[in-house]
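Annotated transmembrane segment per TrEMBL: B:12-32, B:44-63, B:98-125, B:166-186, B:216-235, B:247-267, B:274-295, B:301-319, in sequence order.
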Amino acid sequence: MTTIDATPATNKSPSPTNPRRRVYLPHTKYIPILATLTLLLIMYFTGVANYENFGQPSVVVNLFRDNAVLIVVAVGMTFVIITGGIDLSVGAVISMTTTLTATLLQAGWPPLVVLPTVLLLGSLLGMGMGAVIHYFKVEPFIATLAGLFLARGIALFINQSSIPIRDKLWKALSEYRIVLADGVVTKITSVTAVVVVLIAAAVLAWTRFGRNVYAIGGNADSALLMGLPVGRTKIAVYTLSGFCAALGGVLFSINSTSGWALQGQGLELDAIAACVIGGVLLTGGSGYVFGSLLGVMVYGLIQTIITFQGDLNAAWTRIIVGLLLFGFIVLQRVVTRRAR
Amino acid sequence: MTIVKHRLFWPSVILVALLVVNIFTANQFITVRDGHLFGVLPDILRGSAPLLLVALGMTLVIATGGIDLSVGAVMAISGAVACLLIKDLSNQNSVGSVLLIMAIAIGASLVLGLWNGTLVAVVGIQPIIATLILMVAGRGVAQLVTDGQIINVQSSPYATIATGHFLAVPVAFLIAIAAVVLTVLLTRRTALGLLLESVGGSPTASRLAGIRSRRITIMVYVVSGGLAGLAGLIYSANIKSADSISAGNLIELDAILAVVIGGTALIGGRFSIAGTVIGAILIQALQVTVVAVGVPSKATLLFKAVIVVALCLSQSATFRQKVFGRFRPSRPAVPAEVPA
């Protein structure tokens, strides 16, 4: 991070024939995120041009409502990936949380006890995985894969079928509408997601913890030699991801007022893809929370376009999602490569 | 002392332990009936064939520092193509036509692998995202091929590759072992294995040393695609139909797990085919054992998770040292016996 700051002056010598070019060149570290933003806008306006009602503000607002869970999970994933790790357990933690929430509420637990309990459990699972990764030097991919099996195993053990939630608070939260403007309403879940993004972005950018996360991703050995708390930060990052996944599960249970053990299958890959689309490098050390948010928006916009298209069957939906993803990633690759 | 420290020691111990459990619980562990081997052990070997093939390809991909998430989708496509063509045969029992169709299906899988390899090596997309595209779109393609239906076939030569016996041994296992032997010969008796490991260690350094790292990278994805295609054929031959939804569902995670259990590091640069074979058979044995010992179906995943966690920890040298090191403070000649 800090090393990059010195590079732009030297790595791009201003060409004498076209001195103006240099003026418009953005900072190198912002190029991936700007490329994503540009392509996202192009995609959005293509949608506006092609489909009726696509330009309405509710389409954008609904992006946050429909993808609130993915946004929250991707935020936690961003921290993990920046340290150079990966967290495959998030989808399973969501299923565990929804199942547990529904079961506890059905058993008559007060909702204000259930909420902290499930969030704590998700964080504890994340902390456990982080501890295994740090103290026992197990690869993150494998430790969190085991976490995936464990969390989904617990969820399936509790209940294999969908459990309805009849709790008053959950119902109220689910039905509560926030009016942003005339005809533009949103739900409590999307507000939560936005708040999580803002807090996480601030933490990553302006706190000592955020700096440590970047330092570990850049080079864990150097970070250790510098005297940074590598172990503590690593464990904290997985705890954070576990917390975000549990929060995502709570949002899921509010959205659907039910809990199901097969919920959130494959969501971990969506979250990872969203981070990568948003310019977070899987090798660690570089990326932004807002980048991951843009990545989720790309995913959501692809889904929205498919919904507006309307006449696609399941097979074509998958293929179009794949093709759009492909087009997006290749374009992003071309843009970032040329800019460098 | 040295054998306990071998990285395949603990996976082997767990595999043997699982097999021993099966000796006591299954009514027939291994017997000869009608000139064929019957019982739990041949069943495990037969059932492990698809995972073994997929994990073999995955080993090579991981050796170069990549990862292939698309194997499940490739399995679905290959099975769908084969069943579609076999269904249209006038004589489904003609050996020549079935072999030709299998060659076509594997050819299609090789093309899919080429697509992955090109994205990774030529376009320069990170492997996890490049193969995610095919993972999403590929299953859509398979659904398109089968028109969303499950295609049933009644072809005895096709069924032979999954359920047949040759010299009393299951054909599926023989196919898998043939692929393993061929790969071992190609990688360990020629310079290919060394080249793979050098590309995994550092693509740039190997290119500077005169290795065509780009070509090698493309090649491993092609091989992985081909092996996944073969696995898809065995899977669909086993159920005598093409199921584009459940064929190879989540097999990528099991395959990666098998590879890692076998001691291949996900960062690339070294690989162990023997380890992958043990890993794949172990996962299959685990699945069979869970049913055999009468674990209720809702707890199967939890049981698997516990074993996987134990395996991950047993593989970590730090964990062994921290936990078991306490029992022998002054390095006795005989290692302390540890319950598996």
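Each residue, glycine too, has its Cβ placed from N, Cα and C.
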Please give the sequence-distant neighbours of the transmembrane segment (B:301-319): residues at least 6 beyond its ends with Cβ less than 8 Å from one of its Cβ atoms. 7, 10-11, 14, 257, 261, 263, 282, 286-287, 290, 295
Under a criterion of three or more Cβ pairs within a distance under 8 Å and sequence separation of at least 6, are the transmembrane segment (B:216-235) and the transmembrane segment (B:98-125) in contact? yes
Distal contacts, the transmembrane segment (B:98-125) - CB-CB under 8 A, six or more residues away: 66, 68, 70, 74, 77-79, 81-82, 85-86, 89, 92, 131, 133-134, 138, 155, 157-158, 161, 213-215, 217-226, 228-230, 232-233
